[in-house]
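Feature list (source: Swiss-Prot):
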type	residues	note
BINDING	75-80, 109-113, 133-134, K146, K155	NAD(+) binding site
BINDING	E188, H253, H269	Zn(2+) binding site
Amino acid sequence: MSAVQIFNTVHVNGSSPYDVHIGSGLNELIVQRAAESGAEQVAILHQPSMDDIASELDAALVAAGLKVLHLNVPDAENGKSLEVAGQCWDELGGAAFGRRDIVIGLGGGAATDLAGFVAAAWMRGVRVIQVPTTLLAMVDAAVGGKTGINTAAGKNLVGAFHEPDAVFIDTDRLATLPDAEIIAGSAEIIKTGFIADPEILRLYETDPAACLKKEVEGSHLPELIWRSVTVKGSVVGQDLKESSLREILNYGHTFAHAVELRENFRWRHGNAVAVGMMFIANLSHKLGLIDAPLLERHRSILAAIGLPTSYEGGAFDELYDGMTRDKKNRDGNIRFVALTAVGEVTRIEGPSKQDLQSAYEAISH
């Protein structure tokens with residue numbers, strides 16, 4: 001294991017407070033946390049692409065006196081199904097996995113979502129440690145306690161709120177990621193900039209290359225991760241179950257989820273969020289909530305790092321149907337998180353279908 005180095009720790013308040021540790025060489029801390037927890041067994045839920053990292057963690061956990069079970073799941077969103085969750089529960093049952101034992105979610109957002117859901121449901125809730133390895137999972141899926149699986153009706157419609165015991169964000173993993181993963185994950189960071197932290201936007205505008213640099217030296221990514229997690233941690237610490245404030249984290253997500261549903265989840269989530277932010281920015285501009293410079297600021301920041309700013313034309317009816325299924329809707333009205341300025345958030349409730357189509361056409365290609 002490489003030497004442990006902690007860059008930042010974000011404390012998330014709430015009914016079950018926890019810490020998000022951001023640094024490098026964090027396996028030692030993960031093992032220490034599990035060994036001191038009173039657990040007898042640890043179940044590492046991971047995808048095939050994480051086999052090597054899981055084996056390294058396995059050896060360290062065994063050396064610390066813990067029994068280790070591997071929950072091997074399919075890559076990407078294919079693993080977020082009731083069938084796969086059921087297989088995990090069967091394996092936990094076969095291992096006599098108890099209330100004091102711990103699940104570790106190792107991998108991207110799909111793995112951490114599934115690990116959290118499996119842990120939330122097993123014996124009505126066992127502990128989960130999240131170890132995100134993609135940028136998207138680091139700043140979004142692994143933090144906040146939302147867990148879930150997908151169904152034919154939509155993404156994450158079946159799930160639970162289950163806060164992690166701890167989150168370990170190891171920036172050494174960034175160097176192993178394809179450029180496309182760094183770019184896609186950046187969309188969620190940019191989202192937190194628009195809703196709460198203008199410094200994030202300034203960093204992307206002044207040096208976009210440093211915001212994508214995977215090697216830590218000279219990179220803005222560690223600071224961006226810390227800033228984004230700080231925003232999310234502050235929000236979910238006040239509103240775990242999305243009764244009010246937490247909804248602001250869904251900026252750009254109503255249209256994004258419709259895109260993902262239409263694309264059968266083949267689109268990267270971050271790419272869909274980028275297009276979703278362009279959609280809501282255009283709708284907000286049309287309704288007089290934001291000015292033209294803020295609309296253009298969305299486009300320029302996203303485009304500067306290679307995120308999509310438009311979507312396929314001729315798909316409005318399918319996308320509209322997807323938006324009507326969104327979890328945030330109330331009384332049959334489609335609801336959007338919107339801006340009036342950077343850091344100033346409002347809601348749009350029940351916009352006309354004509355206005356929605358106009359916003360869609362503005363980003364169609």
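The backbone N, Cα and C atoms fix where each Cβ goes, glycine too.
Overlay of Swiss-Prot feature records on the structure.
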residue : record              : contacts (Cβ under 8 Å, 6+ apart)
E77     : NAD(+) binding site : A110, N150, K155, F265
G79     : NAD(+) binding site : Q47, V73, A110, A111, L114
G109    : NAD(+) binding site : P132, T134, L136, A137, D140, A141, A142, H269
D113    : NAD(+) binding site : K80, A141, K146, T147, G148, I149, N156, G159
E188    : Zn(2+) binding site : L136, V139, D140, S228, G270, V273
H253    : Zn(2+) binding site : V273, G276, V337
Exercise. So which other residues, same chain and not among E188, H253, H269, have a Cβ within 8 Å of the centroid of the Cβ atoms at the Zn(2+) site?
Worked result: L136, D140, A187, K191, G252, A256, G270, A272, V273, G276
Seminar exercise, completed: Same-chain residues at least 6 positions away from D75 (NAD(+) binding site) with a Cβ under 8 Å from its Cβ, in sequence order, are Q47, P48, S49, A110
Exercise. Around T134 (NAD(+) binding site), how many other CB atoms lie within 10 A of its CB?
Worked result: 27
Seminar exercise, completed: Across every protein chain in view, the count of C-beta atoms other than its own within 10 A of the C-beta of K155 (NAD(+) binding site) is 25
